[in-house]
Amino acid sequence: MASAAAAAATARGPRYAPPDPTLPKPWRGLIDGNTGYLYFWNPETKAVQYDRPTAPPPSSPPAQQPPERPRNSDPAESQAQAGASRTQNAAPADDRARNDHLNDHFERRTEAAGSHAQNVPFTEQNTRSNPSSQPCSAAGVYPAQNVFSEAASGDRTSPEAYRAKHEITIVGNEAPAPFMTFQSTGFPPEILREVQQAGFSAPTPIQAQSWPIALRNRDIVAVAKTGSGKTLGYLIPGFILLKRLQHNSRDGPTVLVLSPTRELATQIQDEAKKFGRSSRISSVCLYGGAPKGPQLRDLERGADIVVATPGRLNDILEMRRVSLHQVSYLVLDEADRMLDMGFEPQIRKIVKQVQPKRQTLMFTATWPKEVRKIASDLLSNPVQVNIGNTDQLVANKSITQYVDVITPPEKSRRLDQILRSQEPGSKIIIFCSTKRMCDQLARNLARQYGASAIHGDKSQAERDSVLSEFRSGRCPILVATDVAARGLDIKDIRVVVNYDFPTGVEDYVHRIGRTGRAGATGVAYTFFCDQDSKYASDLVKILEGANQSVSQQLRDMVSRGGYGGRSRRWASSDDSYGGRGYDSGYTSRSTDNYNSGYGSQSGNGSSFHSSFHNSNSGNQFGDTSGFQTSFHNSSSNNQTSDNPSFHASSNNDQPGDGLSFHARFYSSSRGSDQSRTNNAGFRDRSRSPPSNRNHEDPGSKAVGVSNW
């Protein structure tokens, strides 16, 4: 009986790989008997690593050796000593018990394997492949710092120098050094293979610093701009946890990722499938706007990972069709956006159904007080990783930004110039403020350039079809509302055009962030009109912060009184842009001169026109005596938001001076008595313009859309 157990242990133990004459001496190849992974062992230095060793150049000085340990020809004993060394190195207090457990495990396996196992080292990957040997927690087994040294991987940059170079700051105790190369991560070979086949040569800064923290079972708050590689920053540690725990996926997911929009959710799902395929990790995506039936069937088959929007997940939880009792790894992606959209109650309701002993990772592009509050409530002693300056909104410096100060009738001609200047087939996103304008532009551009529209009124099937054609290049121009500003992760977008300026510089930064992703460069064009002047000051700060040139026209607009209300965007719910609050959506404001982007505005007749032209949306009420009612969609009318938690984000019911209203708003003409248009083309309209407004000659094309 004892001999049979010893034989079984020997069969499962590591063994020498076939001789490889290309390996530099004295390195030897070894094969893990449990997983079949190939790794390498140096009998002289006792180093163990997964990356293939290379002979050091003759002129290079020898790498600094770790403190001298007694040499022992017994690799198994040296491995136990290495395990003890790992326990003494940089492990936080709550992790030391786990390291002691691993060291005991090494010794037990060495004794059970007999004399054969004493001839080859036992790596940490053996414990990762055997879930029963691990403590029952959500921790991932993290590679020790001395197993994959930076010297072995060819990068001798110090952690401090790497952090300074990439503007990484850490808030919290005992944060491990970043993984500056993929070889230093110790990830399983199949995961490394998927990452390298995807074309990544090195971890992004957020990945480099968040991976070692996540693998130590620490909660994380990661503050980084969009396009920084955060998706893999939380997915890969989740994969490693799944491989270790090996829960029954039919009993519920182990990893839960919450996302603000269905576009972002589906893209996270695509990444999970792509990089988890070789590890046989299953995932399901739950989002609104699509039938529940197929999603419920996918859940019944079992899913290791669930990626969900808060609203749809709450619906399914109320149906009792999914259980979260197994979730031990929770991710809140774009947490600031979820709070901005009013999802905080749904998030808290979901978290109540997740076990308290979990690991929570929060990724956000900004760090306002609302995000700080929910982080303090949901996370336990987190390590905060900041990439860049978190005290102010900054744009990606890889994006070249051009701001054209123009009038609304000039937009169409300028857009045509931009599109003609691009290489054929270049992927371009054009952002508009209204759904109707999206459809209008897409129809006008479709024949010559190939364009499609995406916004909240599109069905999920239509959205999927449009995004599929855009990704494939069959339809290289995408016209979108802000629903696509966050969530779209298409790495080869060349140009972003802000046809209409958004309702705040934070949305501007997220819009242009669709280009210049994953280390690439991009170009952003923005049309900036008089009614956008209230954002001029903040826009100049964004441009200067990204080392972009600022036109004299834009500076003149600032000097004439264009302002952004606050030098920083971290405003409370009663004094941020347009009364916008993270928890309460959009508030109602009452003022004579309307200078904010949202709200219900009440003023007197004398200020009606000036206030109207200083806004993009709102309910405008002038002196109703003798007024007629007109409804228009030139800026934004009757626009419901793309998420159910929003109040109507751009909703205009305009009682005003019916005689001069058309001329006051985006006025231009093709015929002197034409005031109604067909929505199938660009709007042509005419009224007698006031003398103090600038107009194009008759026959010029305007861009507003009428909605009678």
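Glycine is no exception: its Cβ is also placed from the backbone N, Cα and C atoms.
Note that the structure is a prediction, hence the values are computed from the model and not measured.
Matching 325-328, 333-336, 381-384 against Swiss-Prot, the residues noted as motif 'DEAD box' span 333-336.
Taking Swiss-Prot as the reference, the stretch among 1-29, 204-232, 523-551 described by the feature region 'Disordered' is residues 1-29.
Range annotated as motif 'Q motif' by Swiss-Prot, chosen from 180-208, 238-266, 296-324, 470-498: 180-208. Under DSSP, residues within the motif 'DEAD box' (333-336) fall into helix, strand and coil as 2 helix, 1 strand, 1 coil. In the three-state DSSP scheme, K230 (ATP binding site) is classed as helix. Here the binding-site residues are G227, G229; the one with the fewest Cβ atoms within 10 Å of its Cβ is G229.
Taking the mean position of the Cβ atoms of A224, K225, T226, G227, S228, G229, K230, T231 as the ATP site, the remaining residues of that chain whose Cβ falls within 8 Å of it are T204, I206, G233, F363, A365, R517.
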